[in-house]
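Feature annotations, courtesy of TrEMBL:
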type: DNA_BIND; residues: 86-123; note: DNA-binding region
type: DOMAIN; residues: 84-122; note: domain 'Homeobox'
type: DOMAIN; residues: 131-335; note: domain 'TLC'
type: TRANSMEM; residues: 39-56; note: transmembrane segment
type: TRANSMEM; residues: 136-155; note: transmembrane segment
type: TRANSMEM; residues: 180-199; note: transmembrane segment
type: TRANSMEM; residues: 263-286; note: transmembrane segment
type: TRANSMEM; residues: 306-327; note: transmembrane segment
């Protein structure tokens, strides 16, 4: 069954233009092509990023937070109590007064001690400001680094200025070393975020699920573009997204430090970058290249054309939704102070 599913998944008509087979993508005469098995390397790269994250959060983020005036608040853990812990996890984190009285009798202690235990236990669920700062610092560091690296990798490439060049010579476009490392770092980063969702700042169940879906979708879209050799377009998509994100993470960091004016200024810069990159450039530059331009190079679109464009259109729908939320925040900020 697995062999049959594997043959269906790698059917040529899904991934590449007509009259092309996987044998055509063997390295030859200076041409190097992306290979699906190379994506396995993103898992160990993710663990390398986790090691880098550990040291950067501990030896850079914490001293920086202290310099910005963020203190490390130590929360008092409640006394171990299996009965109360079981009730907290399985029944309610905010028991009523009658429930507290029943738990007090069951544990043979006072009502005040039970209330105190639940208060301390709830506080442990809330991430400290320092922990939030550390997570924002790591995301800021990666997005800033990837934005700078992406610009260095792309600024001298013809398809960075002329989007038509993304399709010239397709599918026989050679893979550049810079493109390889750009992809490996980005996919590895999203794997690392997926691995640490359980230990990162606590989120609501809906937010947690949204993060899982987002990270898996990002990994799937980048991995699919790698297999179909849509690498030129893929690097442009990654660059367009990263250039706005580090401004948001920087705004979060200064928000945690209560630097309100700096935070507001950074959020305005983020908003401008977001609207330029995701509301203007992404649909009128990227989507135009993926939806419209391939028809000039092939009269029979492959299945991957519809799969990738479907995902990109969903992504653009999310951009519009997030843009609406950002606009509401800006309107409140400008008119309601």
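The backbone N, Cα and C atoms fix where each Cβ goes, glycine too.
Below 8 angstroms of C-beta separation, residues 137-138, 141-142, 184-185, 187-189, 191-192, 195-196, 223, 226-227 of the same chain, each at least six residues beyond the ends of the transmembrane segment (39-56), sit close to that stretch. Away from its own ends, the domain 'Homeobox' (84-122) comes close to residues 75-78 of its chain (Cβ-Cβ under 8 Å, at least six residues beyond either end).
Summarised by DSSP class, the composition of the domain 'Homeobox' (84-122) is 30 helix, 0 strand, 9 coil.
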